[in-house]
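> Dropping a structure here in structure tokens format, bear with me for questions.
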Amino acid sequence: MKDRENDGNLESRIFVGGLSWDVTERQLESTFDRYGKITECQIMVGRDTGRPRGFGFITFTDRRGADDAIKHMHGRELGNKVISVNKAEPKVGGEDVDQLKKGGGYSSRGKGTEDECFKCRRPGHWARDCPSTGDDRERFRVPLAMRSRIGDIDGHRDRYGDRDLEREREREREFDRYMDGRRDRDGGRYSYRDRFDSGDKYEPRDHYPFERYAPPGDRFVSDRYGMPEHHLENEYRGRERSYDRDRYARDTSDRYGDMGPIRDEGRPYRSRPGPYDRPSRPGGRPSSYERW
């Protein structure tokens with residue numbers, strides 16, 4: 001008999017969530033009594049605080065009143081907040097009649113066994129029916145359980161970007177410490193900052209500029225145009241051959257005396273005799289038969 005009464009109350013009992021904190025049971029009853037006779041109207045309060053939890057239960061005398069209330073009041077405003085109205089059903093666990101009358105053993109049908117919104121963690125409504133609008137929507141976008149991770153949600157601050165930036169800076173500091181330790185172990189040879197700044201990865205470092213660069217007049221073509229090493233060798237060989245020719249000319253001038261540089265000093269280059277020319281006739285130009 002008691003179970004049959006509970007089943008009858010269950011069919012005519014509705015769950016009202018998203019209630020404003022200042023809505024009273026009398027206001028709630030006067031709002032829903034147009035859809036049928038109400039036998040019970042309760043707003044749930046906290047056991048420890050005694051404050052309203054934002055939801056309540058209404059029991060009609062028949063099922064039709066409950067259905068009409070759900071049809072016309074679900075998603076409407078009450079006390080400047082949008083409310084949700086659904087069928088109420090007892091939680092699994094076999095509560096007695098007194099617990100059902102207190103409302104502690106009921107939840108909205110089709111919504112699971114929890115009576116809190118996972119968005120704002122407020123009781124009395126579900127995520128899809130969350131009445132938070134305007135600033136409240138921004139404030140309760142993240143569950144309250146994550147507030148300790150994010151920071152000041154009430155101040156509309158999102159510190160994920162700051163945390164990522166700080167994490168990136170910490171990685172850079174760790175890398176700097178690693179490279180400094182490696183440089184210390186290797187005797188200062190591997191300074192990654194110096195290596196990347198200089199642009200030459202394998203060339204040795206000189207203490208003075210003249211040790212690295214020759215005077216402008218002695219620079220080779222390969223230095224200006226980045227020629228390979230074998231071109232540099234050809235340049236050196238050419239300079240050696242030029243040096244050998246100059247030394248041969250000096251030896252020849254010393255050997256023949258008057259054919260040395262002193263005799264040709266001040267004369268144009270074309271008028272100077274070649275290394276195999278006979279001495280020119282006095283006052284004349286050497287002829288072709290004088291060469292051998």
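Including glycine, each Cβ sits where the backbone N, Cα and C put it.
When I checked Swiss-Prot for this same protein, it listed these features:
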- 12-90: domain 'RRM' (DOMAIN)
- SER20: phosphoserine (MOD_RES)
- 117-132: zinc finger (ZN_FING)
- 180-210: compositional bias 'Basic and acidic residues' (COMPBIAS)
- 220-268: compositional bias 'Basic and acidic residues' (COMPBIAS)
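Describe the structural context of these features.
Broken down with DSSP, the domain 'RRM' (12-90) shows 22 helix, 31 strand, 26 coil.
For SER20 (phosphoserine), the Cβ neighbour count at a 10 Å cut-off comes to 15, with all displayed protein chains included.
Regional average pLDDT for the zinc finger (117-132) in the model is 64.
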